[in-house]
């Protein structure tokens with residue numbers, strides 16, 4: 001039943017009655033009559049209806065307001081309209097943030113699906129492939145669920161629709177980020193073993209899969225408190241009688257120290273991952289520097305050996321073969337025993353002789369083997385550099401988020417009552433960790449020629465099929 005009566009319809013009915021009276025009077029008397037034909041009872045009825053309608057509207061607007069979530073009363077409907085209008089205006093003001101997240105979502109989803117396709121169907125099984133596919137899965141989950149959840153959070157800043165949805169989305173976002181971090185720690189350990197300890201048994205695909213499983217389980221354990229902490233947080237409005245609700249730390253933990261403790265634990269976990277990856281990649285960098293110096297010496301020795309080989313026949317004729325080589329060929333250079341493990345360990349693994357002076361034949365043979373393996377060594381270094389860049393972007397993308405959250409946990413009034421520009425910048429920087437879910441595909445394309453080639457071939461096939469389909473459609477028409 002409508003509480004607000006349509007005044008226009010009442011006036012129309014009154015005017016109709018007046019018209020009928022006017023016509024009847026004119027027909028009866030045959031002369032034009034003034035507006036006195038309007039009956040006094042009709043006028044009083046109109047005034048009564050207008051006063052009743054105004055009193056109902058006043059009572060409707062001043063109805064008591066209480067906190068709600070899903071109340072279907074008339075008062076709650078009025079509040080919902082008011083809060084929805086506030087949320088809509090706030091979302092319009094935050095359009096740069098929504099655009100930023102939307103662009104990351106689309107680009108990241110397309111890029112990571114491309115990474116999954118290429119590595120699953122075009123690359124052979126290996127530990128690196130397992131790690132790359134796992135990271136892409138976490139990134140796809142982040143782009144498909146976490147980023148839309150953040151847009152939903154901004155759109156309904158005063159009337160978030162569901163507590164369960166809030167808890168679920170926050171937990172998934174935390175799971176994706178922490179899983180990526182733990183997986184990258186495993187990646188740094190794997191690369192450290194391949195570069196710095198090549199004689200040890202290296203991580204295979206099964207062990208890499210187990211490491212990813214452990215990382216996922218650990219991230220679930222770390223993320224579950226967020227599902228407990230998240231919920232509806234009361235938001236004040238310009239109307240003192242109306243309060244809204246946003247998806248944040250629940251009001252139940254407003255006076256608790258648990259959110260601060262959890263934030264500190266996350267910050268310490270991040271710093272631990274930062275230290276572990278920094279140590280591993282520092283050791284890798286030092287070893288790569290040594291290997292670079294070794295490769296330069298090998299290349300130099302190979303050039304000298306070519307000169308020596310051309311002069312060997314003259315030396316043999318003069319009976320000075322051994323003396324010539326021992327004094328001139330290698331110059332007393334000793335090569336330490338080393339084994340370089342390449343991406344496919346069983347196919348790209350060679351050993352160099354232990355520390356000793358080399359004869360001419362062994363030196364030439366070893367030098368040629370080293371030279372032949374140079375491209376494989378470069379490939380291993382490129383893969384290590386690629387994974388290092390992924391880890392670096394992960395660490396850098398999370399720093400602004402953790403710093404802002406730590407400040408907010410220590411200062412409850414932080415980021416409140418600020419200007420619109422400051423609020424937009426805060427909402428962007430507090431979500432910089434989403435860059436990690438988008439950047440990996442670009443890093444693969446920059447560091448992996450094979451990945452670029454497979455992507456180009458895929459695009460060519462798609463374009464060719466579209467042209468073929470278009471030609472077939474035109475021929476049928």
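If you go along the chain as it appears here, the first residue is 1 and each next one adds 1.
Cβ atoms are placed via backbone N, Cα and C, with glycine included.
Whatever TrEMBL says is automated annotation, not expert-curated.
A quick note: this is a predicted structure, and the numbers were derived from the prediction, not measured.
According to TrEMBL, the transmembrane segment annotation covers 97-118, 130-148, 168-187, 208-227, 260-284, 383-404, 424-447. As annotated by TrEMBL, domain 'G-protein coupled receptors family 1 profile' applies to 111-444. The region 'Disordered' feature in TrEMBL is assigned to 297-321. Feature annotation from TrEMBL assigns compositional bias 'Polar residues' to 297-313.
Sequence-distant residue pairs (6 or more apart) of the transmembrane segment (260-284) and the transmembrane segment (168-187) include at least 3 whose Cβ atoms are under 8 Å, placing the two stretches in contact. Contact between the transmembrane segment (424-447) and the transmembrane segment (208-227) is not supported: fewer than 3 Cβ pairs lie under 8 Å, counting only residues 6 or more apart in sequence.
Tertiary proximity for the transmembrane segment (97-118) is limited to same-chain residues at least six positions away from its ends with a CB under 8 Å from its CB atoms, namely 91, 132-133, 136-137, 139-140, 142-144, 147-148, 150-151, 154-155, 424, 427-428, 431, 434-435, 437-438, 440-442, 444, 451, 454-455, 458. Mean model confidence of the domain 'G-protein coupled receptors family 1 profile' (111-444) amounts to 79 (pLDDT, 0 to 100 scale).
With respect to Cβ pairs under 8 Å, the transmembrane segment (208-227) is most closely packed against 168-187, considering the stretches 130-148, 168-187, 383-404.
Beyond the transmembrane segment (168-187), the same-chain residues lying 6 or more positions past its ends with a Cβ under 8 Å from any Cβ of the stretch are 131, 134-135, 138-139, 141-142, 145-146, 149-150, 152-153, 208, 211-212, 214-216, 218-220, 222-224, 226-227, 230, 247, 269-270, 273, 276-277, 387, 390-391, 394, 398, 433, 436-437.
Listed by sequence, the residues of this chain that lie at least six past the ends of the transmembrane segment (130-148) yet keep a Cβ under 8 A from its Cβ atoms are 101-102, 104-105, 108-109, 112-113, 115-116, 119-120, 169, 172-173, 176-177, 179-180, 183-184, 186-187, 190, 205, 208-209, 212, 215, 387, 390, 434, 436-438, 440-441, 444.
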